């Protein structure tokens, strides 16, 4: 409550009698007011705050205790902690594997989410004997930290804490097709050293464009000997199978307490409450699902998700994430081959009672729900899963096969690469090809990684479509080297999501929006050059919609150029009519389309860029922003090389100078990428 202040000088009068009388009255009013306020404060407010103050102290103490990972390590006898920055679950999986490794060397490890702890506590780590901190850090997007490592990254940038005595190691997860390969891992490794921490093993750089699993195994098999040498310890024995979770079967449980696919809060899908994010997705109804292309070879689709009443806000260039479900046919086949009743309700409870992660996925739930909504059953399993499963193969040759692929030998790595990775064998295929391998379904559920959200560039502008989010995607289906037909989880699931008819129920998609740096220029007059073949055109549909909307508002809008590519005009020309209309209306200044298969020689977007190089250079010199969306492995690299050539030729520069010129555009936010591999 604010203090009251009365300026009595304004009451001065020429008549002394009136002045005295007035002052007396004012004093009485002030005195009464002060007495009243004091009475209220002591008798009422104080009583009301006595209990809340005590409660707040308790909460604060609890929060501090939980955020101090060093105190937790002391309490539980741990000396190794592995933090993970993970967007898709792989870094978390690697962290779990490293923490489990520790027991082989007479140590105790724990994996941890940096979002759950105060990393300033690192300076206290030397209080624990033979303490080591390891970071498994993935790089997301264009050199960004993952969502759960953002606070840690911000802290590293701002802090000047002395980390002398802290022993550390870093393994980074990245992709060489991206411009900023492993930026987060490199930054954490460098910054920790700058703050005085001691690196006890070299930085590991995993490449998801190559063989990330092999990169990790190679680093890991050299990492542990270095740890042993540094701390003077020896391995206690061979790697052994240790269960992390205990199975509890619920024979009589209230159905209202069973998870049915929710990502966070129980029954959150029945009682939706904003704000919506990765841990609390919004169930959006599908209002449109139409095929964009004419050919039968591929299925490209446009979906619209209704976000009205969700309070979700997005901007052109943002990403929409959806949580898919696995194919029920695959789930049923898994249940059949394992001889399991998929409708049994169970919980997997962490045997480590001190762990923050009580279950590998929301529990209690049924095996059917876990295999449908929570577990990844379509990606090739990693080597640690094969090692754990090998014990359940009754046929010696199959057990040997699995153990060899899980080994660090050159022969084992090659076998894993060819038999699992390149053949795209998922867990069901492995069980089918190893007839004697029949693990308990609960252990399999413990071993399989979590099914992750899928991200798509939003193909709409919130200025035009504030109550819906649009998705453009190609349905994935292919034949493996082993002759099986594999289908993309999310795209096939989305394909089946038909808008509700008169008598049908609504088709719902759990979703949330992730903010992006892929943004239109602040000034509408700034020219934009957009390059996006295939489904890479998605964010540019939103960009063009927004520029068209600005024109309708009477705003001056700069040149808007699109370089789009597809196979044939009559097969996969996405949004053909919409783009043509934008061009006719003047919202799209130039519409340049490369058809790669309509003539004897291939024509790609970079060829069209070269043809327009003089005009493009003029726009770039005039402050234009360049946007590239689509395949990172080939297209984005070729387009970037083309811009190097354009800058070198028309800017009269050496190649190195042209490269530096484009790099500076990236730094200034004038050359933006939204790419995938």
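Glycine too: its Cβ is placed from the backbone N, Cα and C atoms.
If you look up Swiss-Prot, you'll see 2-21 marked as topological domain 'Lumenal', on the strength of sequence analysis.
The transmembrane segment annotation in Swiss-Prot covers 22-42 and rests on sequence analysis.
Averaged across the topological domain 'Cytoplasmic' (43-677), the predicted model reaches a pLDDT of 93. Per Swiss-Prot, topological domain 'Cytoplasmic' is recorded for 43-677.
Taken from Swiss-Prot, the feature phosphoserine applies to 63.
Residue 178 (FMN binding site): 24 other CB atoms within 10 A of its CB, across all protein chains. Residue 178 (FMN binding site) falls within neither a helix nor a strand when secondary structure is assigned with DSSP, and so counts as coil. If you look up Swiss-Prot, you'll see 86-91, 138-141, 173-182, 208 marked as FMN binding site, on the strength of experimental evidence.
Secondary structure at residue 298 (NADP(+) binding site), taken from DSSP and collapsed to helix, strand or coil, is coil. The annotation NADP(+) binding site is assigned in Swiss-Prot to 298, 535, 596, 597, 602, 603, 604, 605, 606, 638.
If you look up Swiss-Prot, you'll see 424, 454, 455, 456, 457, 472, 473, 474, 478, 488, 489, 490, 491, 676 marked as FAD binding site. According to DSSP, residue 478 (FAD binding site) sits within a strand segment. Around the Cβ of residue 478 (FAD binding site), 10 further Cβ atoms fall within 10 Å across all displayed protein chains.
In the three-state DSSP scheme, residue 606 (NADP(+) binding site) is classed as helix. Minimal Cβ crowding within 10 Å, among the binding-site residues 175, 457, is found at 175.
Residue 141 (FMN binding site) is 27 Å away from residue 298 (NADP(+) binding site) when you measure Cα to Cα.
The Cβ neighbour count for residue 298 (NADP(+) binding site), using a 10 Å radius over every protein chain in view, is 15. Among the binding-site residues listed here, namely 86, 178, 491, 178 has its C-alpha nearest to that of residue 604 (NADP(+) binding site). Note: residue 602 (NADP(+) binding site) has non-local neighbours 596, i.e. same-chain residues 6+ apart with C-beta under 8 A of its own C-beta.
With a cut-off of 8 Å between CB atoms and residues at least 6 apart in sequence, the same chain places 301, 473, 474, 475, 476 near residue 491 (FAD binding site), listed in sequence order.
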